[in-house]
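Undergrad: Dumping the structure here so I can ask a few things about it.
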Amino acid sequence: MLSFVKKSIALVAALQAVTALATPISSEAGVEKRGSGFANAVYFTNWGIYGRNFQPADLPASEITHVLYSFMNVRADGTIFSGDTYADYEKHYAGDSWNDVGTNAYGCVKQLYLLKKQNRNMKVMLSIGGWTWSTNFPAAASSAATRKTFAQSAVGFMKDWGFDGIDIDWEYPADATQAQNMVLLLQAVRSELDSYAAQYAKGHHFLLSIAAPAGPDNYNKLKFAELGKVLDYINLMAYDYAGSWSNYTGHDANIYANPQNPNATPYNTDDAVQAYINGGVPANKIVLGMPIYGRSFQQTEGIGKPYNGIGSGSWENGIWDYKALPKAGATVKCDDTAKGCYSYDPSTKELISFDTPAMISTKVSWLKGKGLGGTMFWEASASKKGSDSLISTSHQGLGSQDSTQNYLDYPNSKYDNIKKGMN
């Protein structure tokens, strides 16, 4: 139980967090305004429409502030391109005509635009890169010419598709030169966004974010203060702390280290967040990323113990969709020191680390106390519905979410139906 002093400290921290989030974000680097409420963002993957059968209409749009549509690929010369044109803008959904006049967007692009019209507080951002498609970022960011190409290409897709901003998922800058080039790349994109807005969108503030590492080997290379100036959001990938690469079973997304069981907590979120803040990132630009999946370990006696293999998964070995958890016969346990949960089945000796709704509530309370900017989830197709939904739990816990409206007017989109607002 908290003492009176600790309660007072907690109250002060909460008031500071509310005060910080009540003020629009500003900086000298072009970020003039961003929503004052909390973000509740979620990644939507275009490959999810296939085997997972998760379509844009399945998103809990009324609970989400930002959809991060992933992923676009990038060439070494800086050009952005679609890795799946069918999913992005060719697939015809129910109600889509094959006889429309002109050049029109279909697929996820049209479906997301329609969702934007129905849910004016839900913004959609174009996410570029990802783990698989980060190979060409170093080259694309290496010169002023390639950075300009990247910025123009990215903003071109944004306006053609009727999106609200750009999210860059570069995993990861490998050294100081790449880290500085990342800043220059982001500055080029920010400049291009503002230039487009001035000419075609009445100065509207389009958003710019990144997916950011939570491991010190990667985040210690970043230019924290400069990132804090140019970005609206830094979406911290505070997960994948343990997995097939680990020597012991461990928590996937724990807040703290556990000194009594260090093997279970090789990384932790609190250290990462503090590093970003100490480096000069405003706390309310940091968004806490959380997994909608679990990582499994086989033939183990428990958390922080040796294991043998990771087993199968929902779509790839060792990774289970949250909606498949906990498995029958497994008991959910939580480490109250580390703030991490897992399921364990003593008969099969399988351990799966994942976040429960109660842990999401704990994390939301924690991030509010830190004055952070909200939550992000990877990724939408793995979620449950109803009271067990992690996205819904976050939505309810955050309370005052970002209510800035999305943008619908794209007069120079190359797609006639987006140009006309789907009217």
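Placement of Cβ uses the backbone N, Cα and C atoms for every residue, glycine included.
Annotations per Swiss-Prot:
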| type | residues | note |
| --- | --- | --- |
| SIGNAL | 1-22 | signal peptide |
| DOMAIN | 38-401 | domain 'GH18' |
| BINDING | GLY102, THR103, GLY129, GLY130, TRP131, THR132, TYR172, MET237, ALA238, TYR239, ASP240, TRP378 | chitin binding site |
| ACT_SITE | GLU171 | active site, proton donor |
Undergrad: Ten-angstrom check, please: count other Cβ atoms within 10 Å of the Cβ of ASP240 (chitin binding site), all chains counted.
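TA: Excluding its own Cβ, ASP240 (chitin binding site) sees 20 Cβ atoms within 10 Å.
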Undergrad: Across the domain 'GH18' (38-401), what does the pLDDT come to on average, as a whole number?
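TA: Value for the domain 'GH18' (38-401), mean pLDDT as a whole number: 99.
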Undergrad: Among the binding-site residues GLY102, GLY129, whose Cβ has the fewest other Cβ atoms within 10 Å?
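TA: Result for the binding-site residues GLY102, GLY129: minimum number of other Cβ atoms within 10 Å at GLY102.
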Undergrad: Under 8 Å Cβ-Cβ from GLU171 (active site, proton donor), six or more apart in the same chain: what's there?
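TA: Looking at Cβ-Cβ distances below 8 Å from GLU171 (active site, proton donor), excluding near sequence neighbours, one finds GLY129, GLY130, TRP131, SER134, ALA211, PRO213.
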Undergrad: If you run the three-state DSSP split on ALA238 (chitin binding site), which class comes out?
TA: coil
Undergrad: Chitin site residues GLY102, THR103, GLY129, GLY130, TRP131, THR132, TYR172, MET237, ALA238, TYR239, ASP240, TRP378: biggest Cα-Cα distance, Å?
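TA: Output for chitin binders GLY102, THR103, GLY129, GLY130, TRP131, THR132, TYR172, MET237, ALA238, TYR239, ASP240, TRP378: max Cα distance 45 Å.
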Undergrad: If H, G and I count as helix, E and B as strand, and all else as coil, what does DSSP give for GLY129 (chitin binding site)?
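TA: Looking at the DSSP assignment, GLY129 (chitin binding site) belongs to a strand.
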Undergrad: Using a Cβ-Cβ cut-off under 8 angstroms and a sequence gap of six or more, which residues of the chain neighbour TYR172 (chitin binding site)?
TA: SER134, PRO213, ASN218, LYS221
Undergrad: Tell me the Cβ contacts of ALA238 (chitin binding site) under 8 Å, same chain only and six or more apart in sequence, or just say none.
TA: ALA214, ALA253, THR269, ALA272, VAL273, LEU288, GLY289, MET290
